[in-house]
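S.K.: Among the features that TrEMBL reports, transmembrane segment is placed at 20-41, 53-72, 84-101, 121-143, 155-176, 188-209, 221-242, 254-277.
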Amino acid sequence: MIKELLFRSEQKWLYQMSAIGFLLGGICCVCLLVQQAGFMFPPELQLHKPTSFCLAFGVFLSTTALIMPLSGLASHSRANFQRLLSIAVYYGYTVEIIQVFRGVDPRFGVGNFYTDILPGILDGVLFIAVIVMYVWLIAQFFLERSYQIHPLLVLGIRYGLLAAIIGFGSGVWMILAGGRLIGEQGNIMTVHFLGFHGLQAAPILAILLSRCPLSLRARLNWLHVSGLLWLMLSAYSIVPTILGRSLFQWSDPWVFPVYVIFVLWGILNMSLFTFYLKHRFVVSR
């Protein structure tokens, strides 16, 4: 199965990039644990950065590989997309790991132009190129040819990709802000996290709905409500972040709506999951 995905599937380039991301993230995680134990690596090295970067890209790329067949794109278009994307991904892996182990910020380095600053500039340019490529990919899922393949799942993917746009936008925001922190406690990475994880949340819900004994209209309506709630959650998280508030301080009046929306989203989907388990138990009996 794994060999088939990595070497024979039409999305093999994406699966290979994803697997390398998980491998590099695992290696960096081991290095981080060694550092925290007080061995080998100086404490000033921010080894959590390449760890989270590589693992996050692994998840993102594997998700892209899974949804790609539903885009309605021809095989050669999918292959070209993967080849172009691989340039940015492999460069990103290389710069992230090498610069961090050198003690240099991979995106906002200072010092020597050629070794510390230029790699970060090129990384930013490639990130913008990736955004352009994904905007093109997102557009394919809003065409009728894609929707006809699997209406419910493609609808979930649409909501996930719209949330991912917020994730990409927060990435540009970090480039313009010169880092992830804003104000006293604002952290753009939380917006980044919420945006990109919509790409997993909405399609997973669509898969669950496809297995529930509900009418197609009921399933589509459920998915619309859940997808809109996640979009609201991702979009509203920008507000307290701009104001320099931490999203982890739930008692803050500007942050509290984030938790209200998240709880509503959680209740909606937990009730669906409970309904699914109950139906499955009854059927199995």
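Cβ atoms here come from the backbone N, Cα and C positions, even for glycine.
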S.K.: Mark yes when the transmembrane segment (53-72) and the transmembrane segment (121-143) have three or more Cβ pairs under 8 Å (sequence separation 6 or more) and no when they do not.
M.R.: yes
S.K.: With pairs closer than 6 in sequence left out, are the transmembrane segment (155-176) and the transmembrane segment (84-101) joined by 3 or more CB pairs under 8 Å?
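M.R.: They do not touch: fewer than three Cβ pairs between the two stretches lie under 8 Å.
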